[in-house]
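The annotation transmembrane segment is assigned in Swiss-Prot to 39-59, 97-117, 123-143, 193-213. According to Swiss-Prot, the feature heme c binding site maps to Cys42. According to Swiss-Prot, the heme b 2 binding site annotation covers His93, His194, on the basis of sequence analysis. Annotation comment: Swiss-Prot describes His107, His209 as heme b 1 binding site, evidence class sequence analysis.
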Amino acid sequence: MFSKQVTDSKVYQWFEERLEVQEIADDITSKYVPPHVNIFYCLGGITLVCFLIQFATGFAMTFYYKPTVTEAFTSVEYIMNEVNFGWLIRSVHRWSASMMVLMMILHVFRVYLTGGFKKPRELTWIVGVIMAVITVSFGVTGYSLPWDQVGYWAVKIVSGVPAAIPVVGDQMVELLRGGASVGQTTLTRFYSIHTFVLPWLMAVFMLLHFLMIRKQGISGPL
């Protein structure tokens, strides 16, 4: 993988002696790819790219976004109208969010239709389903952050859904809202979930997903 000029350098030799870089590189580049693999097997990778775009653009917006009920909408307007390329960053964030959901759905269909969920890949499928739930949760929590009329009522409806669950429903609603009604605590919790909890969960499950795919390989044709 590496040229002779690189492998002969002292820097490379230093890392090779400690980490066996060449063995790692050979393992990555020599993995067998079945001949039946086509463009539809790239849908999972495209979903990953969308997630990375989401992470980068979302991180950029945290420098300007203010998660308070009085300033959230104003800060979003500021990002769109005053920040250099802010309109582009937020637009890319929204577009890649929609693309991520679409690619995730298509990826799930591809795996199901080609039997990629069958033994011995059941755990890979389960982890993938968990990531699908996390992806939808990203959309639900992110939708509320501008705190406009659409965001407010979306939060009110979504956070009220668990009330239908027997015994623990009301407690779950109060946990989501941070109180009896939707307000500042609700926005703070949704912001924390969207920018901290869900990204970490997604990163952990993605790592597990990729390690299992790496170990088991790509599923064969039907």
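For all residues, glycine too, the Cβ spot is worked out from N, Cα and C.
Features recorded in Swiss-Prot, as mapped to the structure shown.
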| residue | record | Cβ neighbours (10 Å) |
| --- | --- | --- |
| Cys42 | heme c binding site | 14 |
| His93 | heme b 2 binding site | 19 |
| His107 | heme b 1 binding site | 23 |
| His194 | heme b 2 binding site | 21 |
| His209 | heme b 1 binding site | 21 |
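Among the recorded stretches 39-59, 97-117, 123-143, the one sharing the largest number of Cβ pairs closer than 8 Å with the transmembrane segment (193-213) is 123-143.
Non-local neighbours of the transmembrane segment (97-117) in the same chain are 40-41, 43-44, 46-47, 50-51, 54, 124-125, 128-129, 131-132, 135-136, 138-139, 142, 219, 221-222; each lies 6+ residues outside the stretch with a CB under 8 Å from one of its CB atoms. Residues 89-90, 92-93, 96-97, 99-100, 103-104, 106-107, 110, 138, 195, 199, 202, 206, 218 of the same chain, all 6+ positions outside the transmembrane segment (39-59), place their C-beta atoms under 8 angstroms from a C-beta of that stretch. Within 10 Å of the Cα of the residue listed as 'heme c binding site', not one of the binding-site residues from the list His93, His194, His209 places its own Cα. Here His107 (heme b 1 binding site) is positioned 20 angstrom away from His93 (heme b 2 binding site), judged by their C-alpha atoms. Rounded to a whole number, the C-alpha distance linking His209 (heme b 1 binding site) with His194 (heme b 2 binding site) is 21 angstrom.
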